[in-house]
Amino acid sequence: MGSLAKNQIGDAGTLALAEALKANKTVRTLYLSDNRIGDAGAQALAEALTVNETLTFLRMDKNILTSAGITALTQTGNAVCKLDGLDNQRVPSPAELAQNQSAAAARAAVTQPSANLQSAFQFLRSDLAAKSTLLDSKLAAKAQQVRTTKAQERTANGQELAPEDQQLRSKLAVKEAELATKEQELKQLRSSLAAKVQELATKDQELAAKDQTPKELELAAKEQELKQLRSSLAAKVQELATKDQELAAKDQTPKELELAAKEQELKQLRSSLAAKDQELAAKDRKLKSALDRIDVFERNQASVHGPIPKVPFTALVTATNNFSEDSLLGVGAFGRVHSGSLPGPPVAVAIKKLLAESIVSYTAFQSELDSLSKFRHQNIITILACAEGHGAYCLVYEFMPNGSVRDRLDCTNNTPPLAWTQRHRIAADVSRGMNYVQTAFFPDHVLFHRDLKTDNVLLDAHFNAKVSDFGLVRDAPHFDDKKSLHTKNFQGTGPYMCPQLLESGRMTIKTDVYAFGMILLELTTADKPGIGLKSKARKAVRHQTINDMLDPALNTTDAERPLINELVTLALECLEDDADDRPSFNTLLATLNPE
């Protein structure tokens, strides 16, 4: 019997399982309940059942099969295997639907590689992203479990110490009462001694008139009595001192030892968490490196790229309720962005209606579409379609469920704050996407984003960052030295504009680097961008007080603080007034993602 229920198996895993079933000679029953198997996985299992004569029972309830997948399983002609649970399916989430669509495309690519190569690569990226997210979740859950266990242990130990502490306090109260009694006895002894001294003085006076010998005998007796009293008093004082030492030892030693042990455990826990964070960062860098290698291969396959498909303008009007305010997601330098859903299988998209002043002509619009159609990168927002009508132009993008980086830094709608590992990955993602824009195509032209900011860096379901809202300039005849461009009609957002652009309208490939430096400071502080933030960071670096300016929500560890300090220093290098002193995106990518 084989049970793979509740294992989050999707179509990608089911494809591999189906291949194994084709050669199976031992497994007779198989439970695949409560997974994420869709129609592509069902069709693969159906193919396996046409040749497998060993399996006698297959359970598939609580997956995301539709009628197509169920039909494929029931029409295999296999009379040996009993199918169970096919009529008990659930509705897939958008993330599950997207992942299974990628798996289906990848499976189709196996038989038609020349027509579906792009789908196969998309599947590889989705699979890698899913594994990275699963690793993030497991590490976060493990860290939370460790924190919860240690907190419970500290609470339990505190409760165990409370009765012992009360007993010690009770003993101390008893000893204090004994001490008060001893002090009273000592006072009485002193009073008695004074009386004896007085009595002795009287006797001395009486003996003065009598025989000398009896007087000496009396004095000797009195001296002996006085000596005994003094010896008894010294013994009592020593006894009280010993009792005080015993009480002090019992009251302090166990507590101090317990606190020291707890502090040592807490220190070890912090060290372990820091090591886990470093391990996670290393795995993230390896994943990004693998995705980069896939992307380089994709760029060499020119046949997979084609023009951006057009959709009817009326379909976008319907999807956005005539571009109503209720569907508005945001406003950028080049247009207004609305949410919507395309016809057919429901696919959430973002629809940008370009501002009239941002489109010089229909020819310019088509030229920009030709350029944007070549950008296929995991850190650049994907354009799915375009439309025109009634003098308006629209672009249809993939929908990013986690919104913009600026919204996450502001914790808009009570979203949880970004962790340090997420912020560092966002910085690396943006540098990777911008380096691709500046180096992948058009080697003889200078390309600009012109409005790079945290509002235009969007996060997908796995918090991978993608640059959006491109406004590209690549008209070579306008460049005075092939390195810069002068314009009198520049667009963008003030706090992200470098001094050259504000003062003389001069743009270079380092113009967007300046904006990236401001993004890095926002990631570390969560403050709004501007000259004040740059001055604050410079002062903190100069006085070595960077920790005082960090976002309190970061809750950094000792191992993370040096890395954050390096990121602030790197941000100030990007914000240099002289463009030649700023690093390139290629250098920034090597620093933020060395692997």
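Placed from the backbone N, Cα and C atoms, the Cβ positions cover glycine too.
Here's what TrEMBL has on this protein:
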- 165-300: coiled coil (COILED)
- 323-595: domain 'Protein kinase' (DOMAIN)
- Lys353: ATP binding site (BINDING)
| field | Confidence summary for the domain 'Protein kinase' (323-595), mean pLDDT rounded | value | 85
| request: Determine the Cβ neighbour count for the residue listed as 'ATP binding site': the number of other Cβ atoms within 10 Å of its Cβ. | output: 19
| field | Lys353 (ATP binding site): secondary structure state under DSSP, collapsed to three categories | value | strand
